[in-house]
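K.L.:
Pasting a structure here, questions to come.
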Amino acid sequence: MNKIKLGGLLAFLVLLLILPLFTADPTFYSIAIYTLLYATAAIGWNIFSGYSGYVSLGYSAFTGIGAYTIAIICDRLQLSGGFLVFLLVPVAGLVTAVLSIPIGWVALRTRRVTFVVVTIAISFILQSLALNLTSITGGTSGIFFPASEWSGDYFNMPYYYVAIILLVVAFAIAWWIRNSKYGLGLLAIRDDEDRASGLGVKTWASKLSAYSISAFLGGMVGAVIAYYNQTLFPVVAFDSTLNVAVALMSFLGGIGTLFGPLLGALLLEPLQEYLTIQYGSLSLNLVILGALLLLVILALPEGILVTFPKLWRKRTATLVASSAPRQPEQKGAVLVEK
């Protein structure tokens, strides 16, 4: 990471931290919280799918497990609301990471299109279990969190800063992986898994560990979203819209890049929140996001952070070539035999 990118990243972080000094609008912070959490989820998705090339459309399996982990703990222990619940967020992430190991053991035995279908199926299976295991999850009656200690304009602030912390953690993990030998192994798997295996990359261990890291971040995101909503239902916990949204964010910004998922989330999540406020239909949102995903894959397969610099370099090279002075043509001597 060069100094310009690092400076821009630090400036962005400082801006996030001081925003509460300038506005206290609850609607603004509600959108900001979801944007930051979805950015974290998109980074988590990208750590596995973007780096390894195994595209998943079932990321809500992880956010759902994390959500139910924190909800069940709060319900069984009869915890009072407040900052104490936030201490359970890493626990939810760890539980999700552990449970992702047997899930990954099954899913990662497949490749490409089959893997996509399997991840979708796993998400729906978990949603069905949440609906039917009423003694644990509450089923359609849901689980209600204890009331928070804070209210009014201050209600959003703790969630906002926790969302910032999760984003920083996710970005730091992604940066480390992207610049490590382990990350190079994942990229080799993405390019050619069989060849990577032949070169000595432990493909199975690399994929499964990346899958668990991705699950850890997803579980924490799901836990915070559930606590923020104060209620949890199976359809919301394993939301199909999230599956498409995090993939779309990564593809739009630049799948497999460090900053791509963050950029995609900053552009798309406010739009998703606007659609929810305007239309309130999850089905319509899913259709719109699905159409956008197809459009982005077709029009910007490498994402904004890769495609736009390429176009800019191409345009610059064309302008330089056209503005360069032309050399006068030299006529060769013509020999004529007499």
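Every residue, even glycine, has its Cβ placed from backbone N, Cα and C.
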K.L.:
From 48-71, 312-335, which range did TrEMBL mark with transmembrane segment?
P.N.:
48-71
K.L.:
So which of 48-71, 159-177, 208-229, 241-266, 286-308 is most in touch with the transmembrane segment (114-147), counting Cβ pairs under 8 Å?
P.N.:
48-71
K.L.:
For the transmembrane segment (208-229), give me same-chain residues lying six or more residues beyond its boundaries with a C-beta closer than 8 angstroms to one of its C-beta atoms, as numbers and ranges.
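P.N.:
The answer is 33-34, 37-38, 40-41, 43-45, 47-49, 51-52, 59, 62-71, 85-86, 88-90, 92-101, 104-105, 107-108, 145, 159, 162-163, 166, 169-170, 173, 177, 182, 186, 236-237.
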